[in-house]
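Engineer: One structure coming up, written as structure tokens, with questions to follow.
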Amino acid sequence: MQQNVGAITALYQELASYPVNTGEKTVHAKRMPGFFRSLRTFTQMGLWLPLLLLPYLRWNGRQAILIDIDHSQFHGFNLTVRPDEIWMLMLLSLGGSVLMFMVTNIASRVWCGYFCFQSTWVDLFTWIEAKVEGKPSARRGLANAPWNADKILRKVSKHAIWFGVSLFTAISFSIWFVDAFEYWNKLLHLQLPRAGWVALALITGGTYLYAGLMREQMCQWMCPYARFQSVMADGQTVMPIYDFNRGEPRGKLRKGDETLAKQGDCIDCYQCVQVCPTGVDIRQGHQLGCITCGLCIDACNSVMDKIDKPRGLIRYASTDDIEGKPVTMRFQNPLLWVNAAILLASCLGVVYGLTHMSSVTLNVRPERQPLFVRMSDGAIQNRYEFKLMNRTSRDIQIAVTTEGGIKDQLIIGSEKPIFVPHERGVSFTVFVKAPARNIAMAVTPIKFHVESLGDPTVSADYSTLFNAPAL
């Protein structure tokens, strides 16, 4: 304890220059090492670095990840999703919403603290700011200092780096929608289309504004998730929370003070507030600005180590746990099981859709006017409009056959194989002619089968009807 008196004194001296965040001033959070700081960095990099770098990966001659707006396709490695499979996107959206609800109900705004784009980029921008302008006290002093050469150099350097990061972010987002190397070539030669320049300017400006200038104000006042998460949490939701039973009454730690025996473990050092990215004082209870990042836990634990007190004065816990109320296991909550069932059904639906995607899709529309034509020899003929999509990455030759239908029926219009370019569709007309003597019903089921020559796995079926006069 004696050897840590100097460290505690330094904390109180630092506190003298720390303003409480009330929203009108920028928060200059202190960066402190710890378990949750490392975990946060790991999760942020683990999510966003692959998303930034994946578009540069080539796969089978094209970009591994590409949202191709021009051709209404999404390419993900060997997977290609088209508009007719939009139902899978709807299931993904449903599953994502339910998952977010479940996570928030269990662990509050853990998405905000460990994965969110805004909090990740704010963390990056404030790291840059700390490298250029120094510690929080130095940054506040620089902000209030008169303009001179040193202040101009530091401010210009910081904002230039911020702008560079914002520009790289905009480029990294844009290449999800166009070929990455083609985009860079056009950008460097100033040949981007107007829409490309507009998107680049908007994303660059938005990143610079929200992550650099507004930063914690987004989490405090503008983020809608911060609002509706309050209805998702309950008394058993786990979040960073101050154990007031241990901490109160709080007070300064002074050597030889006789009141220390009556004092709680909180020494009022404000380290938990100083490290908070949004300037929240967690000791005042859970607040709208708290993003559940756990940095206050790292700060408090480091202080508890210095004063030889047990860790956990601030910890991940529920309000019911802190208040001594009964705590039930989450799996006993019926709402959790309902959400889990919806999430599982959504995932199974997407998996089914992905595993049952056909290499070709076939749509057949019978001619409705007229339903049939009686030929000069008495035979009945139906007309069908075919739309065939080749989803593979190679050109194919397709043969058309039928299953069922009328005895001795004849297919006209598909005697020769039909050429279908890769990732393109073709339309063509097929006639089915059947002798009137073999027709037993006014409506006869018929199935068309298309198959690639040389590769029977590339095939599709479509069931429809053969129409004839009423008997």
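Using N, Cα and C of the backbone, Cβ positions are placed for all residues, glycine too.
According to TrEMBL:
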DOMAIN    257-286  domain '4Fe-4S ferredoxin-type'
TRANSMEM  39-57  transmembrane segment
TRANSMEM  86-107  transmembrane segment
TRANSMEM  160-178  transmembrane segment
TRANSMEM  194-213  transmembrane segment
TRANSMEM  335-355  transmembrane segment
Engineer: Report the DSSP secondary-structure composition of the domain '4Fe-4S ferredoxin-type' (257-286) as helix, strand and coil residue counts.
Structural biologist: 12 helix, 0 strand, 18 coil
Engineer: Within the same chain, where does the transmembrane segment (160-178) have neighbours whose Cβ lies under 8 angstroms from its own Cβ atoms, ignoring anything closer than 6 residues to its ends? I mean 6 or more beyond.
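Structural biologist: Sequence-distant neighbours of the transmembrane segment (160-178): 51-52, 55-56, 63, 65-69, 121, 124-125, 128, 132, 184, 187, 196, 199-205, 207-208, 211-212.
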Engineer: To what whole number does the mean pLDDT across the domain '4Fe-4S ferredoxin-type' (257-286) round?
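Structural biologist: A mean pLDDT of 83 is what the predicted model shows over the domain '4Fe-4S ferredoxin-type' (257-286).
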Engineer: Under 8 Å between C-beta atoms and at least six residues away from its ends: which parts of the chain pack against the domain '4Fe-4S ferredoxin-type' (257-286)?
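Structural biologist: Residues 8, 11-12, 14-15, 18, 20-21, 27, 29-32, 108, 119, 122-123, 126, 136, 215-216, 219-220, 239-242, 244, 246-251, 293, 295-296, 298-300, 302-304, 307, 309, 313-314, 319 contact the domain '4Fe-4S ferredoxin-type' (257-286) from elsewhere in the chain.
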Engineer: Short question: which residues 6 or more past the ends of the transmembrane segment (86-107) have a Cβ under 8 Å from it?
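Structural biologist: Residues 229, 232-234, 237-239, 292, 316, 330, 335-336, 339-340, 342-343, 346-347, 349-350, 353-354.
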